[in-house]
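For reference, the structure discussed in these notes is given below.
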Amino acid sequence: MKTNIINTWHSFVNIPNVIVPAIEKEIRRMENGACSSFSDDDNGSLSEESENEDSFFRSNSYKRRGPSQREQHLPGTMALFNVNNSSNKDQEPKEKKKKKKEKKSKADDKNENKKDPEKKKKKEKEKEKKKKEEKTKEKKEEEKKEVVVIDPSGNTYYNWLFCITLPVMYNWTMIIARACFDELQSDYLEYWLIFDYVSDVVYLADMFVRTRTGYLEQGLLVKDRMKLIEKYKANLQFKLDVLSVIPTDLLYIKFGWNYPEIRLNRLLRISRMFEFFQRTETRTNYPNIFRISNLVMYIVIIIHWNACVYYSISKAIGFGNDTWVYPDVNDPEFGRLARKYVYSLYWSTLTLTTIGETPPPVLDSEYIFVVVDFLIGVLIFATIVGNIGSMISNMNAARAEFQSRVDAIKQYMNFRNVSKDMEKRVIKWFDYLWTNKKTVDEREVLRYLPDKLRAEIAINVHLDTLKKVRIFADCEAGLLVELVLKLQPQVYSPGDYICKKGDIGREMYIIKEGKLAVVADDGITQFVVLSDGSYFGEISILNIKGSKAGNRRTANIKSIGYSDLFCLSKDDLMEALTEYPDAKTMLEEKGRQILMKDGLLDINIANMGSDPKDLEEKVTRMEGSVDLLQTRFARILAEYESMQQKLKQRLTKVEKFLKPLIETEFSALEEPGGESELTESLQD
């Protein structure tokens, strides 16, 4: 048999041309099956390419080609190659595909909704629910978790501290008393239970208030709920608060109602009482009195606890067994509850204050208790009494300092043989200052405050008074603040002259309190009486050109009684006006208008221009400044010359030091082999 061997080099030579259309159909069927998603244009282009390939093979079937070339021109491979290329070129972007999918899904939904209206309603409800859930989630995420926060420096927080202090003090005083005096617990059990559980409710409410109490972080109040809770939990007080609300009352079921000492854990909330006392001390206007009363309360509580312990020890030893313990309760006189407590309180007071005069102890346990009481009395009461003494001395410190000043002035007047009338006037003036609380030096008190707070206090106190002056009514706020800080309070006695006619005016005055009289030269005849809010001397400190009175006083002003005035000096006003030139011109214009109304302005002199005296003063000032600059320049020049001389001396020293070294190096270079030695020395 003869076998036909197919030559792979000419794979299409022995194949008849009739087989090609069948292969093309087969390839087209594969293409249509694999690429049905392509458009009709793509299919048309593929068919054109396949026809071109047929003609190409018919014309070049007998030409020699390599395997790669034959492979490229095979009908099937060529078609698939072109399909892949066209799919890569015509591939749509992802966004367009997504849009097409959305459109298809919407169209499908519409078709389904037309068919099933119930499904449509269900889908709409589901969509609404999803939208609501998304909105709530977004709100929760966007919210900063801010809640109603209590400001720790506000009145609400302070009032709550007062509310929580009451149950704390109740527990600290009554639990120990009820535990030691059985009648007190059994006779009023219903009332104690009500008070106990009301205090427990207040304790629980206090824990909630703590989680809503803000704190300052970089000067800003923190209002984040989670931060507040985390800060409270991280604090030691949270653990104490939890321990203080543990329901130990359940032990009543086992031990009975006569054991109120099981509620001793309620005493752990004492820090709230201390906080209330501290805030009250800062708020009250009488801090020394409050401190003293606070210490007295501590003393009473210590004596109360010691009295209860004494009675319980007497009960343990046996009433009336010896002279030291409480007497026999079978005696009607000592069987009453009031007598039991008062007797124990009396014994505790005598013991802790180390006064004594109590029956001596008999048993060893009694001796130990008395020794402990004496130690407590010595340590605690010594500190408490010392604090009270220091507080009382602080309360009298101002009076003592004031009295020392008065005594020093009295000694001076006696030494200088001052008349008795003058001495009486001085003493009366000091008495007026003390009784009216005008001994405080405002500058000394406000010295420790920052400038901003000091200015605000001065504005609150003096700004309204300064605005009453006509020339300052329309001035800038900044200038008024500057002037307010420069006002000086002064007090004048009855009959004192504030100013006399013809005196040079260097100050203006504003009456804060009191009455002043404009009197004649005899000092008796009164023309006008000035009262609170009046002012005078404002024109003289402006030194307006053309004033007929110049800068001298035009009237005699005398104090009728004790008068409080504010004084503003000319130098302070001019210093403030240097930063406000527009305000200066406005004040001068107002002063001219006032003088024109009163007929005290010479218009010709006012319109003459600048005064030659002022020009001379300016020239002298300029000459002085030039002289100062010359002296400074000469000093700088002398310093420069001295520095230059020192630099020259240093350079000469360096030359002397380096000259022999350089000469030796150059001499070594001139010798044969010197260069190599020099390089070796440099390398070393």
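Just so it is clear, glycine is given a Cβ too, placed from its N, Cα and C backbone atoms.
What Swiss-Prot lists as topological domain 'Cytoplasmic' is 1-161, 215-239, 283-289, 397-684. Here Swiss-Prot flags 34-145 as region 'Disordered'. According to Swiss-Prot, the compositional bias 'Basic and acidic residues' annotation covers 105-145. Taken from Swiss-Prot, the feature transmembrane segment applies to 162-183, 194-214, 240-258, 264-282, 290-313, 337-371, 372-396. Annotation comment: Swiss-Prot describes 184-193, 259-263, 314-336 as topological domain 'Extracellular'. The region 'Ion conduction pathway' feature in Swiss-Prot is assigned to 287-395; the stated evidence is similarity to another entry. Taken from Swiss-Prot, the feature N-linked glycosylation site applies to N321, supported by similarity to another entry. Annotation source Swiss-Prot lists region 'Selectivity filter' at 354-357, citing similarity to another entry. According to Swiss-Prot, the feature region 'C-linker' maps to 397-473. Annotated region 'Cyclic nucleotide-binding domain' per Swiss-Prot: 477-597, in sequence order, evidence recorded as similarity to another entry. Annotation comment: Swiss-Prot describes G537, S540, R553, T554 as 3',5'-cyclic GMP binding site, evidence class similarity to another entry. What Swiss-Prot lists as 3',5'-cyclic AMP binding site is R553, T554. The coiled coil feature in Swiss-Prot is assigned to 615-669; the stated evidence is similarity to another entry.
Recorded features from Swiss-Prot, shown on the structure.
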{"residue": "N321", "record": "N-linked glycosylation site", "Cβ neighbours (10 Å)": "13"}
{"residue": "G537", "record": "3',5'-cyclic GMP binding site", "Cβ neighbours (10 Å)": "22"}
{"residue": "S540", "record": "3',5'-cyclic GMP binding site", "Cβ neighbours (10 Å)": "24"}
{"residue": "R553", "record": "3',5'-cyclic GMP binding site", "Cβ neighbours (10 Å)": "18"}
{"residue": "T554", "record": "3',5'-cyclic GMP binding site", "Cβ neighbours (10 Å)": "20"}
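Under DSSP, the residues of the region 'Selectivity filter' (354-357) split into helix, strand and coil as follows: 0 helix, 0 strand, 4 coil. Within the chain carrying the topological domain 'Cytoplasmic' (283-289), a Cβ under 8 angstroms from the stretch's Cβ atoms is held by residues 158, 391-392, 394-395, all 6 or more beyond its ends. If you take every residue in the topological domain 'Extracellular' (184-193) and average the pLDDT, you get 92. Tallying C-beta pairs under 8 angstroms between the transmembrane segment (264-282) and each of 162-183, 194-214, 337-371 places 162-183 first. For the pair T554 (3',5'-cyclic GMP binding site) and the residue listed as 'N-linked glycosylation site', the C-alpha distance works out to 96 angstrom. Closest by Cα distance to N321 (N-linked glycosylation site), from the binding-site residues G537, S540, R553, is G537.
If one looks beyond the topological domain 'Extracellular' (184-193) by at least 6 residues along the same chain, the residues whose Cβ comes under 8 Å of a Cβ in the stretch are 174, 177-178, 257-258, 260, 337.
Listed as Cβ neighbours of the topological domain 'Extracellular' (314-336) (distance under 8 Å, sequence separation of 6 or more from its ends, same chain) are residues 180, 343-344, 358-363, 365-366. Listed as Cβ neighbours of the topological domain 'Extracellular' (259-263) (distance under 8 Å, sequence separation of 6 or more from its ends, same chain) are residues 171, 175-176, 178-179, 185, 192, 196, 248-249, 251-252.
Secondary structure counts, DSSP: the region 'C-linker' (397-473) has 62 helix, 0 strand, 15 coil.
With DSSP states grouped into helix (H, G, I), strand (E, B) and coil, the topological domain 'Cytoplasmic' (283-289) comes out at 4 helix, 0 strand, 3 coil.
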